[in-house]
Structures are given as C-alpha cells and as structure tokens.
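According to Swiss-Prot, the features are:
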| type | residues | note |
| --- | --- | --- |
| SIGNAL | 1-20 | signal peptide |
| DISULFID | Cys24-Cys53 | disulfide bond |
| DISULFID | Cys33-Cys47 | disulfide bond |
| DISULFID | Cys37-Cys54 | disulfide bond |
Amino acid sequence: MGLFMIIAILLFQKPTVTEQLKKCWNNYVQGHCRKICRVNEVPEALCENGRYCCLNIKELEACKKITKPSHPKPATLALTLQDYVTIIENFPSLKTQST
C-alpha cells in the first residue's frame, strides 16, 4: 500500500520550472528554450537559463515578410521664385570681388 501511495504522489506532481519548456522571443514569433535546436529551428538568442531560444524558420520568415516596413520616398525640394531671388541677391557678384 505504501508503494502505491508513493507512485500516486509522483504521478500527480507538477514538473518544476526547469523541466518545463520555456517560451522565449517576442509577441510575434514564439520560440522554445532548448539545449539543441531542432532541424527546422534556428537559434536566435540565449534564454535566461543559458539555453538557446530556438525559433521555427517558417514562422520567422513569415514574420519578416509581414513586418518589413516599406521604404519612404525621398523628400523633394521645391523652390519658389522668391527663393531663387533671395539666393541670387545674397550671392556675391563677380564685379564686387574683382574691385
């Protein structure tokens, strides 16, 4: 009867924090902390426990395609006629430099 109680207690115990598979990375791509990453996973960073944060390659590529920002168009400089007049007025003429 004592052996049955010991086995029952061991079966119903929850695993400790180190035995559980920890989640890592960010909100968009979830990874798992492992000593060795699987074939379809890539190590991106270190977890708190010194293991690798293994991310699924397909999920990572899909996230990069979605979150890739579009390049902004370069700003164009448009000068008005008044801008040209002020530039010409402030530019020293050749006659004043030669005398």
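Glycine is no exception: its Cβ is also placed from the backbone N, Cα and C atoms.
All protein chains considered, the CB of Cys24 (disulfide bond) has 22 other CB atoms within 10 Å. Sequence-distant neighbours of Cys47 (disulfide bond) (same chain, 6+ apart, CB under 8 A from its CB) are Lys22, Cys24, Cys33, Cys53.
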